[in-house]
Structures are given as structure tokens and as C-alpha cells.
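As given in TrEMBL:
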type	residues	note
DOMAIN	7-235	domain 'ABC transporter'
DOMAIN	284-348	domain 'Mop'
Amino acid sequence: MLDAHLVVDRDTFRLDASLTIAPGEVVALLGPNGAGKSTALRALAGLLPVSGGHVTLRGKRLDDAATRTFVPADQRDVGVVFQDYLLFPHLSALDNVAFGPRCHGASRSHSRSIAADWLARVGLADHAHAKPRQLSGGQAQRVALARALAVGPDLLLLDEPLSALDAGTRMDTRAHLHHHLADHPGATLIVTHDPLDALILADRLVILEAGRVVQEGDAATITARPRTDYVARLVGLNLFRGQARRDIVTLPGGFTLTTSEPCEGPAFVAFPPTALALHPERPDGSPRNVWSATVAGLQRHGDHLRIQLSGPLDTTADITPAAAAALRLEPGSQVWAALKATETRVYPDSAE
Ligand SMILES: Nc1ncnc2c1ncn2[C@@H]1O[C@H](COP(=O)(O)OP(=O)(O)OP(=O)(O)O)[C@@H](O)[C@H]1O
């Protein structure tokens, strides 16, 4: 349904990313600050022309640098929910939602009846006459979603749809959004920083870094085999790249890690923060991977403490507060880190 190759130049930044989304599919576009997510969303919405490549939606060319085709935003079958919703403050919820169909040529009364129907579907029939300032954040988000869906868009774009909400509202609104996205027959793209939103709402993740797609796939594949530091942090893993020879991976500084599975050639080694055990003295016995590390930082992480370690490897370890107290950990402390080979995952560093 959506087939796009987006090349957009903004001063020194270049976005060069391909994106396809099937009808009914929900794709999350994730990436660090400045990766180009908003630029991609704006190009798809028709708020920025591409300088190369194309945007094709349901077989229709919306943008093509080569043929100088450019369909403006208001003539695209695209619905957008912006981060801060951009509701018209002087219009009621009903008129905000009716605005979309009205712009797409529906009569005033028909637009209002479509809007009333959509407000009912998002559970806000009782708030039709409320102005945006009388709505809670979660309700405003629903009005913005209803407004975007009311035009029956072939492509729905959501820019950080939950970021303006507090944690409690976020959970409810996420569940609500999930329900509506599952029913949407068109393509959906969600731009988000939040891995939880991506994992819950999307069928597929596309990871953008410095204007390029670095990894894409379903959550299980990406979680099992991250390919960049950003993705590894996103899914909460320590990740290293090196040269594998049988069950030994040699990292660029010469440090070696023993893995439980064999691999050959360029390879990634990943392990979770819980796989690292910390000891005051060099541990005896079985672990094959043992090194001396310095505590660079400590943070609370749920029930655990997350310890940043520097040394031959920069890693994070999760330990219990009791273990941290017994080890008397503080920034600058020296510890021994042990990692069992069976806790590591090794996979080839080759193009997918
Ligand atoms: N109006 C602009 N003019 C010039 N450069 C811009 C403009 N807007 C964004 N950029 C640059 O384009 C790059 C990508 O920005 P973009 O906002 O698309 O990233 P993002 O992934 O959405 O980031 P964030 O998560 O912080 O919103 C950045 O380097 C930014 O400085």
C-alpha cells in the first residue's frame, strides 16, 4: 500500500530511507534524537517534498523528485496525529473531527455526522461540544485520532502519539490506540522513542539512525539479534562486535569472550545485564569470562540496581540492592565481573 524511498536534504543532514507498509500493517519508526524520524513523517504527510526517491500510496504517485510530481498535504489520503495533537482551540471536539471530512469535500452536515460517529467510536460521544481546553490529555489524544481516522486515510501517521501523557493515562490510551489501529484497514506508521509503544502497537519495527535504516523486522527478531548499540540499549542488552573463531570472539582491543555456540568471521556477542555476576575478588571455578572492572555509575532500575562498568569492556550489570550493599559498590569501586558462556548469544555480523 505504501511504497516510499525518501531522500530529504536538510542543511547537512540527509535522510535516505526506504519504507513499505502493507494494508492493515502497523510499523513503528524508532530511532535516537535527530535520526530523521520527523523528517520522514513530514515527507510522507506532504509537508516536505523529497529531493530524491518517491512516495507511492495505493498505486498513486504522491511525490517524485524525478518527474517533479508533488501532491500537497491536504490532497493526500493521509491522516496525521501530531505529538501535541494540534486541535483547533476555538472549535468543539465535534468540529475538530469534522474538519477532516469537510476538507475532503464532505458537506457540513455529513462531516458532522461522520465526526459524531467517530467520537462515539473513541468513547467521547459525551464530549462532542467540549473545547480542547476542557479535555484531558488522553481525551485530546482520542479526538486527534478520531480526526485523523475520520477521513478514512490510506495512510495513518502518528508522531509520538503518547509522549504528552502521564504514565497512567499512557497505559489506558495505549490499549485504546491498539484497538483502533488493529481495526484500521490502511497502512499505519508510528514515530516513537518508546520501545514499549513500538512493541505493543506495531507489527514491525524499522530502526532509523543518522538518516539510514539500520535494522528492521518483528520485535522478536530485533530483540534476539540487535545490530547496533542503539538497538541493543533499546532492548536492554550489552552488545559487542568482534571476530569469531569457533567459540571465541576477539573484540577490537584484543579482549576475548568465550561463547557457548560456535561462529566464524565477523560476529556480534550479546548478553543481558542480569548475566553479569560481580565479585569483590577474582572468582574461582567455572565462568570462562572474567575481568576486572571499575564502577562508573549506579542507577535504580525497577527492583534492581543497574551498574555501569568500565574496563576492558563497557557493560551494564543488574544486581540486587543487597548484592550492591554487600559489595559496597560506589562510583570508582573495583570489582570482578564474571559472565557465563551459556548466557551469551553469538550471531554473524553480515547483512540480513
Ligand atoms: N527545519 C530544519 N532545517 C534544517 N535542518 C533540520 C530542520 N529540522 C530538522 N533538521 C535536522 O534534520 C535532522 C533530523 O531531524 P528530525 O527532527 O527528523 O529527527 P528525529 O529523529 O525526528 O529527532 P527527534 O527524535 O529529536 O524528534 C536533524 O539533524 C535536524 O537538525
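Cβ atoms are placed via backbone N, Cα and C, with glycine included.
Nobody curates TrEMBL annotations by hand; they come from automatic prediction.
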Query = If you run through the domain 'Mop' (284-348) with DSSP, how many residues end up as helix, strand and coil?
reply = 10 helix, 35 strand, 20 coil
Message = Looking at the domain 'ABC transporter' (7-235) alone, can you tell me the average pLDDT?
response = 92
